[in-house]
């Protein structure tokens with residue numbers, strides 16, 4: 001006969017299973033708390049709240065599916081993984097354990113996917129950051145993958161697209177993380193100024209810290225999504241450090257656009273059309289007919 005503890009354990013497991021099922025079926029909007037049917041969000045690949053139009057966070061795989069023509073994606077440097085060179089000692093979770101956990105949860109090896117593909121038949125070099133992997137933080141591997149991507153694009157005269165979604169530099173890697181800002185910026189300088197090639201930066205929510213302070217804001221054209229949070233230091237960090245209240249909306253795309261921080265705010269359902277126009281405007285055209 002089952003004891004009270006066994007019954008409670010079974011009931012608790014059933015409740016957790018139901019909660020997990022609900023989380024898979026429904027996705028809560030961060031803007032209005034409305035519950036969206038996850039299957040609907042995935043079906044159109046846009047992940048836009050049907051109630052308020054808020055642009056939800058997207059996985060890097062979903063963004064690649066949205067922006068890269070089918071069967072043209074060729075990923076780069078998938079074998080590269082971070083190591084705990086500083087032997088980070090943390091009471092919460094060791095760095096290597098956090099990496100392993102993120103790899104299991106996301107199926108990725110790092111916080112960015114880089115590679116080559118085609119966009120409407122136009123060959124492109126593209127990197128897409130993934131916020132689900134340790135907050136999209138930029139460590140030595142992320143910096144190296146982006147640098148290699150830029151160099152690849154420069155050597156083959158390809159347009160470069162970087163989709164940013166990051167909490168900034170990865171603190172567990174210390175100075176190695178911070179030096180990626182200079183390394184990527186140096187590669188970007190050669191690509192843009194010496195090779196005279198086109199770099200498009202797409203800022204999504206959130207883009208903060210070292211990513212904002214380096215390659216995120218270096219694009220020849222910089223666009224962002226509606227309502228995206230763009231900042232150097234996050235609101236909570238500023239308020240806790242300086243003991244002040246940060247005005248509402250001051251770090252949102254719409255406010256920053258009015259101040260001239262970037263070129264355009266583009267909704268996801270208009271993104272492909274906008275990218276196509278920008279690429280052709282800068283002299284990049286399909287290598288073969290799209291109908292082929």
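Cβ from N, Cα, C; glycine included.
Pulled from TrEMBL, these are the features on record:
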| type | residues | note |
| --- | --- | --- |
| DOMAIN | 25-292 | domain 'CoA carboxyltransferase N-terminal' |
| BINDING | 29, 32, 49, 52 | Zn(2+) binding site |
Cβ neighbour count (within 10 Å, all chains shown) around residue 49 (Zn(2+) binding site):
20
Residues other than 29, 32, 49, 52 within 8 Å, Cβ to Cβ centroid, of the Zn(2+) site?
30, 31, 33, 34, 36, 50, 51, 53, 54
Other CB atoms within 10 A, centred on residue 29 (Zn(2+) binding site)
19
Run through the Cβ atoms and count how many others sit within 10 Å of the one on residue 52 (Zn(2+) binding site).
12
Tally every other Cβ atom lying within 10 Å of the Cβ atom of residue 32 (Zn(2+) binding site).
11
Within the domain 'CoA carboxyltransferase N-terminal' (25-292) only, compute the mean pLDDT.
93
